[in-house]
Structure formats: C-alpha cells, structure tokens
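Engineer: Annotation source TrEMBL lists domain 'ABC transmembrane type-1' at A:80-256. Among the features that TrEMBL reports, transmembrane segment is placed at A:87-107, A:114-136, A:201-218, A:238-257.
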Amino acid sequence: MRRLMNVTPNRGGRWLLALLPFALIAMLYAMASAQRLAVNAEDKVLPSLSSMVQTLHRTALEEDRRTGERIFWADTKVSLKRLGQGLAISIAIALVLGLAIGLLPMMSATFSPLMAVISMVPPMAILPILFIAFGLDELSKVMLIIIGVAPCLIRDLALKVSQLPKEQLVKAQTLGASTWQVMLRVALPQAMPRLIESTRLMLGPAFLFLISAEAISADAGLGYRIFLVRRYLSMDLILPYVAWITLLAYVADTLLVQCSRRLFPWAHEVRA
Amino acid sequence: MSAISVRNVWVEYGEQIVLEQIRLDIESGAFVSIVGPSGCGKTTFLKLLLGQERPTRGELLLDGAPLPDEPGADRGVVFQRYSVFPHLTVLGNVLLGPELQASPLLARLFGAKRRAQREAATQLLDAVGLGESLHKYPAQLSGGMQQRLALAQALITRPKVLLLDEPFGALDPGIRAEIHEVLKKLWKETGITIVMVTHDLREAFTLGTRVVVFDRDARRKRDAERLRYGAVITQNIEVHKRRDKNAVLSSAGRDDPTPPQAPRQDDLAPVLS
Ligand SMILES: Nc1ncnc2c1ncn2[C@@H]1O[C@H](COP(=O)(O)OP(=O)(O)OP(=O)(O)O)[C@@H](O)[C@H]1O
Ligand SMILES: [Mg+2]
C-alpha cells in the first residue's frame, strides 16, 4: 500500500472526482427544494429546477413586453461591456506605469509610495465620490473597476519587472539597447505572462465592483437585475443569474490561461 | 582591438575595501585570464570594466579615453548565469543585438534586412554548434549549449572588448574543451580583447595570453584585518604573445607590476587553493 500522498488519480478518475462535489451539491439542493415545496407549494426560497428553467426560458428567449428586449442577453451585454472596458483600461494603465516604475529608478522613487497608498483605498468607500464626480451612468461604473483593479496590477507588474535579473538588464545594454528598447524587448515580453496571471486573480474583484456599482445605480446589467428582483424574492431568477455570472468569470479565466500558453510558450514548462 | 588601462583603482563598499591599488595594462587583442580565491573581487573588477560599478579611487581608460560609466555596445559580456533571454529562441537571442542596433524605435528588423541578419546569426550559431537548435528556447538547452549561445549573442555585435565571468564553470571537461576551441577560434578571427575570470588554472593558462592573479596579502589574512585591506594583483604573468602559440611559461613574472608588499613567487598553488 502506497502512502496516500503518492496516490494520484488517472485521467478518468480525475474527471469523476472533479464532478463529484458538484453532483453532491446539486443533489442536496434538489432534496432541500423538494422538501420545502412539499410543505408549501408557494415557497420561493428554494425554487425547483423546472421553475428556474422556466424563468430562464422566459428572460432569455422571449422579448420583454415593456422594452422589447430579451433581458437576459441585454443584461449580459451591458455588464460585459462595462467589465471589458474597465479591465482593458486598467491593463493599459498597468502596462505603462508598471513597466516604468519597475525599470526606472526615478519613476519608482516618485510613484511607488503613491501606489502603495492608493492600492489601500477601499474602492467601495469612494463609490459615492465617483457617482458625484462622474454621474450615475456608465463612466462611474467603469471608473470603479479601474480604481479597484489598476493599482494592484501596477504594483504586481512593477514588482515583476524589478525582479528581472540585473544580469539581463546589463546584458541588453551591452548589446546596445536604449532604455526604451530594454523596456520593449526585455521587460515587456517577460512581464506579459505575469500581467495575464494577475488579471486572472483580479477577475473576481472586478466582478465584485461591477455588481456593486450596478446594484446601487443602473437601469440594466446582471447586478442590477439581481437586486431588482430581490424585492419579489425571485430566487428562480437570482440563482440562474448567479450561476451565469460564475460561468462567465470561469470562462474568462480559462481563456486567459489559454491565451498565455499560446502567446508565451516559454513561460509555461517548455522543458523538453 | 582595444587597449584597457587600469590606473591605481580602489573599490570600497562602505567600510570594506574590496580592491586596492589595481594597476593593469591590457594590450589590444590580448586574452587576459583572471584567477584568485573566491570573494576576492574578480567579479567586482569585471563590473568596473563593464561600467556597472564605479571605482572609489583611480580611473579606467579604454583606448586612452575614460571608460563610459554605464554598460555599452563596445563591451560585450557573458555571465555565469542569466546571460541569455528566456523569452527568446536561440535565433531570437542572437538576432537581438543587431535588431537593437539597427532599429532604435521598434528594435525589430523586417524583410531583406532581417534576412541578412538571420543569415549572419545562423552562420555564427553553426560555428558554435547550435545550428540544429535555432528555434528552441534557452530552458530547453543544456548548460553548455546556453553558454555557447551566450557567446554567439555577445560576439555577433562585434564588441571591442569581451568580458567573461566564469563562463564555463558549470560544464564538464568534454564540453569545456569544445567551447575553448570555439572561443579561441572566434577570438583569433575577430581580434577582440578578452578578459575572462575563471577558477580553473588550466583554462586560464591554455586560453590566456596573460594570467593575472588577485589575492589579499597573505600576511593580512586574519579575520579582523580582512575587511580593512582589499585584494591586490599578486601576479601578472605573460603566458605567450598573441600570435606566438608555442611560447611557454618561462616569461612568468617578467613584467610584473606587483606592489612591493606582494609575495614574489611563481608558485600559484598556495594562493589559489
Ligand atoms: N554590492 C555589494 N555590496 C557590498 N559588498 C559587496 C558587493 N558586491 C560585492 N561585495 C563584496 O566584495 C567582495 C568581492 O566580491 P566578488 O563578487 O567580486 O568576488 P569574486 O572574486 O567574484 O568571488 P567568486 O570567485 O566567488 O565569484 C566580496 O567580499 C563581497 O562580499
Ligand atoms: Mg564572481
């Protein structure tokens, strides 16, 4: 008998083990839901699977009587646009500032302390300021994501760049590189996999900020919808929405991993 | 193709004196081996030549002019580690120098220019025996292959001076001899000045036209005194003239500019044990 720490599942076993907890949760839910509905057929807290499918069908495939839109897809589109804009701008800022702070001692001396302070500001606490400054529409929501995400990305990227071996930087200079060229050909490519990695980690917070902002002030969006129907205890809509948001985040995460493996093979176990 | 002149150079880190009274003239096209016990300041000396560190006293001249105080394209280098870029293929690593120098803005070459440089890079890689591995990443190469790549990468931009810091330390004797041949050939073809730090005395004498020994004065080796005295050049041995392959060690110590307190002995063993 081998030690437990040396026992590894094979390919099929891995799948099975991964699915097991999910199946268990689904089963527990179905049981609890059936029990509650048996006691009270009008119960809304744990809706049955069929009622959730029904609601999802209604919101995703039928046009809303008032707006003429399929609200599920309209919400998704609006939310993803906000999220995409917020993340894209954060990444752009992080690339410029992170590389500069990591590579240039003058920039680091100027901005490192500022970044350390800014990344400690709780973004939710300044949400009212954002609403006042940027109005109640799109801009303030995108700003919240940027303020919540960009400082962490900047700090992480700057750290990574400043950890490049000194030898590499000297070496590049002996090949005739200027500061700009070192940034472009040495620091940037080696920072990219790390940037993707930290973007993955920031996906969760980004969704958090998005949904918070939508909950407080919006007229569409996944977060808006969840908080709107909360008044009617519409768990049959809330639960599918939560599952959908989770799936979106999971897919985004997987895409980022694949992207990194494709574009930067040297950063992923190239050892032959 | 460049002479280096080191004039009474001192290096101090705070209280600690690392190097003192270093005087050395390296003629153009020489191959200087530097040996000495661990921690005596050999790497520090290379960093001076590189422009990565500045002397606290004294001055360094390259072809009569003060040495620039930052690394530049006239002085190539191969470190013991981290000399090649992990995110570039073998070919990309060698192409990097030409690309940096020919394209200030994008640092990339396209079309005919790229093909020409690619041709040159491939030839050089063939010469160092890496012609088969053009598209591998450094992590997929053995230690010896990585060092050969680093050599090719440093040499393709034709620096005036090549600085090597224990470049072959981690290699087994077979590969080492192989790289020695490659290095000797490239040195003779290009006529560059080479300064190499090594722990291997055989290597120092077979490759070098001159062997320079760094060490602390033997009489000051007690711990308390260690920090207050730096290493000096205790031996400066001309092995053979550049073109004169068959000269022997007979000229040892002949033009020795050693400071008077250094032990004058030709036996290197006690110094380097
Ligand atoms: N940045 C630094 N700050 C303080 N002391 C340093 C610094 N760099 C080197 N030293 C000291 O200078 C001395 C010489 O270091 P150096 O790296 O030049 O030795 P070396 O001869 O190359 O040794 P080895 O053969 O082990 O590589 C050491 O005692 C080291 O502690
Ligand atoms: Mg050293």
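Quick reminder: no glycine exception, Cβ is built from N, Cα and C everywhere.
TrEMBL annotations: computationally assigned, not manually curated.
So where do these features actually land, and what's packed around them?
Structural biologist: Nonlocal intrachain contacts for the transmembrane segment (A:87-107), taken as residues 6+ away from its ends with a CB within less than 8 angstroms of a stretch CB, comprise 115, 142, 145-146, 149-150, 153-162, 164, 179, 182-183, 187-188, 191, 195, 199, 202, 206.
Cβ atoms under 8 Å from those of the transmembrane segment (A:201-218) belong to residues 78-79, 82-83, 86-87, 90, 123-124, 127, 131, 136, 140-141, 144-145, 148-149, 152-153, 224, 226-227, 245, 249, 252-253, 256 of the same chain, restricted to positions at least 6 beyond its ends.
Beyond the ends of the transmembrane segment (A:238-257), by six or more residues, the same chain brings 47, 52, 55-56, 72, 75-76, 80, 196, 199-200, 203-204, 207, 211, 222, 225-226, 229-230 to within a C-beta distance below 8 angstroms of the stretch.
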